[in-house]
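*Asks:* Dropping the structure in here first, questions after.
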Amino acid sequence: MPRAVSDKLARAEYQPVSAAKRPSKGSSSSGVASASSSSSGATTKNPIFNTDRFGQHILKNPLVAQSIVDKAAIKSTDVVLEVGPGTGNLTVRILEKAKKCTVIEMDPRMAAELTKRVQGQADMKRKLDIVIGDFCKTTLPYFDLVISNTPYQISSPLVFKLLSHRPQFRCAILMFQREFALRLLARPGSELWCRLSANVQLYAKVDLQMHVSKGSFRPPPQVDSSVVRIVPIQPPPPIRFDEYDGLTRVLFSRRHKTVRASFEAKGVKAMLEQNYKTLCAERSLALDPQPFAARLDAILATSGYSDKRAAQMDVDDILRLLFAFHKENIHFA
């Protein structure tokens, strides 16, 4: 792409205004039409930025946008998936490098603004595919990379939908609320280590790329954000996610209690016993005459995890405990 075109797109986040009409610090500096000034000097909100119902905040900082795209290390042969493109501040940079970019945008207004933005840029328009709809309900196409300034309310569903997608993608560069990102990164024994951490790290390596201040967005969110890189583990572990998730649900319901105490929680033993009986019936297996509660206690004791706490257990620990239950035909889903 000619340098002049690239520079023009890069500057699009900040429209120059005259000194008389220059907005105060914190006002819109997006490539979409800025809030207009009335004769009294008051500003009116541009309705295109009323994005609260979608949990979306437009990334307006061009340096941050360029850094996010650079961290994806896009190849000229790559197909990139972008979720929640907004007005396209990441998209135009992706299109400079990728073979194709598919964007999924729930807000038709944003999709319209993005369409306008690539008008007159034949190469970009050719490489861009806009899907209007709910990401969580959309069948995903093939893609090599994912880049997203993630709408807040779909952070967790987005991560797990991506990790369950086949064929696996190479890498995802995703921006989340700071606390959510730190939970993805958390390690066993830390205060933030939780079911989310354990579930994601079963399938992927996660590392921190950068922190982003709330002032980099329009409208500014109430909290800062962070960008993480997620690289799927290849090949994926040979375990059903619903089984692993069922166990982590039990363990992290009382993360600071012992594992034995977690299995004493109301309904846990009854659920596992029902699963056990159903499996035995399906496979024509004889039921163990030993009381089920005693069997659970024996499995926990033999595994060595009975007195351990979920907050201290890593992914390998959780898998070993899960396999110990499976060996006895006890399942969690």
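If you go along the chain as it appears here, the first residue is 1 and each next one adds 1.
Every residue gets a Cβ built from N, Cα and C, even glycine.
No curator has checked TrEMBL annotations; they are predicted automatically.
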*Asks:* Please state which member of Gly84, Gly189, Gly215 TrEMBL lists alongside His57, Leu59, Glu105, Asp134, Asn149 for binding S-adenosyl-L-methionine.
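*Replies:* Given His57, Leu59, Glu105, Asp134, Asn149 bind S-adenosyl-L-methionine in TrEMBL, the matching entry from Gly84, Gly189, Gly215 is Gly84.
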*Asks:* Quick check on the binding-site residues Glu105, Asp134: which one has the highest count of other Cβ atoms within 10 Å of its Cβ?
*Replies:* Glu105
*Asks:* Near Asn149 (S-adenosyl-L-methionine binding site), which residues of its chain come within a Cβ-Cβ distance under 8 Å, counting only those 6 or more away in sequence?
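*Replies:* Counting only residues 6 or more apart in sequence, the Cβ neighbours of Asn149 (S-adenosyl-L-methionine binding site) under 8 Å are His57, Ile58, Leu59, Ile68, Gly84, Gly86, Leu90, Met175.
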*Asks:* With DSSP assignments reduced to helix, strand and coil, which class does Gly84 (S-adenosyl-L-methionine binding site) get?
*Replies:* coil
